[in-house]
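Novice: This is the structure, below, for whatever I ask next.
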Amino acid sequence: MSANFDEEAMTEGNNSPPTPSINGDVVLKWDNLNYQVKTKADKQPSVRHILQNISGEVRAGEVIALIGSSGAGKTTLLNALSGRIVGGELSGSILFHGAKRNPGSFKRQTAYVQQDDLMHPLLTVQETLTYASKLRLPNKQYNARQKADRVDTVIRQLRLEAARNTPIGDAATRGVSGGERKRVSIGTELLTDPRLLFLDEPTSGLDSNSSEMVVELVKKISVEQNTATIMTIHQPNARIFNIFDKVILLSQGQLVYFGPTSASIGYFASIGFECPVHENPADYFVDLMTLDYRSDEALAQSKQQVSALIESFARHASQQPPPSSEKQSPASSQAGSNVALRLDAPVPRNNWLYEYSTLARRDWINALRNIPFMVGQIAQAVVMALLIGFMFFHLRHDALSINNRLGVIFIICVNATFPIVMPMLTLYYLERNIMVRERSSATFRVSSFFLSKLTSYIPIALIANTVFFIGVYFISHLVFDAGKFFIGLALFYCITAASVAFLLLVGSAVKSVEFGFVIAPFVLTIWLLFGGLFANPHTITPVLRWIRWVNPFQYAFSALVQNEFKSLEFVCKAGELCYNNGAEVIAAYSVGRFTIWQDALLTLMITFVYIVLGYALLRWTAKPKTIWL
Ligand SMILES: Nc1ncnc2c1ncn2[C@@H]1O[C@H](COP(=O)(O)OP(=O)(O)OP(=O)(O)O)[C@@H](O)[C@H]1O
């Protein structure tokens, strides 16, 4: 990694900040937005209008709060404006710096802080921001020094100096506080110096002091960096409310007010709703806009009130001059159109190898710090090696040992499946969710993520499995021959790699963790059933016989049995049901159809198919299916 960074530092020394913006210019303007979804009410298809006739704009350096009661449509509006709406029908217009949004560059010029902070729990604050800077800032515009400076600036701006070296943490590991966590989450988005920042409920779950700090910092940074900011917020206290430049009040998906915060109290007073002096205006407005379900009468009355508020604001808005034509001098509009041109220019991406090596390094740090996982893997390997080793302790060369040898080989293969797939699938789902989040700002390619996972998971799985294989091999006394031992180990590595590829395939194909945890053991059980020990392939019903051809477990098991039994002789007692030598066992179990090397190759070929399929499916399932205007 350092080599990469030194190289960047030497070759790329552009000090200029990213795209400029002009203070006060309209950054995003939305007109007559309508969003509806098809639903089924009483089994009858119907259409639900979630947003209706929403218009507005946000200017550089301005912070707008999106306020409304639960279900008012705040998140839907934020998603529509940020290009994250999935499903349904969206109509109207949204212009970014006066032009239609280009999904690729819009995502890279803007930032979205989601409500739940999804980050790697074992990385420190500094590391989280450093990796985000490496992945998100283009090397063509920032060298290593500038990226580090950007991280320091964000840490300072968000007052995270004291928590710099504290891990993020999660439910299992103590880490930073809730407020610090939120600020790190905001920090990763601010690194790119976005023109437009969206925040979904940044204060949810925080106490009032932390909430105030978050909103104050966002405001300060928006002014300093000339960023246009829109955030949804649930009933802010009076001090927080007054920090916002403007507010959008939403009820039932419609506008009740959009304008300067300072003018909101006056506006409501002018239509007959005087906010009591000692009441928090935000609470007062939300109360006015909320439907009262306590009784039919109260509901009818509150519906009437909300309709009146919506109508009043529509009348008020129609009497105002078009907002974006205010104060826009010819010079600034000329500059604005230049900005639009630059914003539409493709944002340079970092090269693939740089992305891959950064992600791989982050994976290794995460893996090595995941002590419970690593210790669990090694401890499991040691305990299983001792258990299985002593279960089949010192195999002899008699009739009884034949079944035992087959048994120990089968269990060796089993140990390369479930104990790898299940715990690693858990890790993969967490990583995958973080990846989807990071990629929503077009941070890196899916291919670099997928390959970094493959190349970190395989060695991690091999470490524990090597311990296991050596233990079982020598304690149970499989054939003591260096050649056979190393071939056996190589075959064991093949099935281990197939299992890792399989877990990546399941984790990529199936978005839902719960479903993934049903599918993976189900398929692994089929691997074992058709693995070659329980049923002779020739006796399996013809319609099911094909399963063995796509079963990597069966190839690995066949090869390991051949490796062990070839050239073994057995001492059979008179009258005993027994095979005289290994060749007879290989023939009886029909595991000699292919040579050891052919079996190994077939296992690796299936592994490769899993990898290609897994990658293709991850690209498909991780692709945002958003609607753009
Ligand atoms: N795709 C969809 N299909 C059906 N209903 C939807 C869809 N998207 C949003 N809604 C509904 O639209 C309404 C507004 O949802 P939204 O999440 O925007 O509300 P909100 O104001 O952010 O609420 P909260 O503060 O509780 O998060 C809700 O009643 C929600 O159930």
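Heads up, the Cβ atoms here are built off N, Cα and C, so glycines get one too.
Model, not experiment: these values are computed from the prediction.
So TrEMBL says this about it:
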REGION    1-23  region 'Disordered'
COMPBIAS  1-10  compositional bias 'Acidic residues'
DOMAIN    28-277  domain 'ABC transporter'
TRANSMEM  371-395  transmembrane segment
TRANSMEM  407-430  transmembrane segment
TRANSMEM  457-479  transmembrane segment
TRANSMEM  485-506  transmembrane segment
TRANSMEM  513-535  transmembrane segment
TRANSMEM  600-618  transmembrane segment
Novice: What same-chain residues lie close to the transmembrane segment (513-535): Cβ under 8 Å, and 6 or more beyond its ends?
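Specialist: Residues 406-407, 410, 413-414, 417-418, 421-422, 425, 429, 502-503, 506-507, 544, 547-548, 551-554, 557-558, 561, 589-591 contact the transmembrane segment (513-535) from elsewhere in the chain.
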Novice: Any chance the transmembrane segment (407-430) and the transmembrane segment (485-506) have 3 or more Cβ pairs under 8 A, given the pairs are 6 or more apart in sequence?
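Specialist: Counting Cβ pairs under 8 Å (6 or more apart in sequence), the transmembrane segment (407-430) reaches the transmembrane segment (485-506), since there are 3 or more.
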Novice: Taking every residue in the domain 'ABC transporter' (28-277), what is their average pLDDT?
Specialist: 93
Novice: Given a Cβ distance threshold of under 8 angstroms, which distant residues of the chain, six or more beyond its ends, lie next to the transmembrane segment (600-618)?
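Specialist: Sequence-remote neighbours of the transmembrane segment (600-618) are 432, 446-447, 449-450, 454, 490-491, 494-495, 497-498, 501-502, 504-505, 507-509, 550-552, 555-556, 559, 594.
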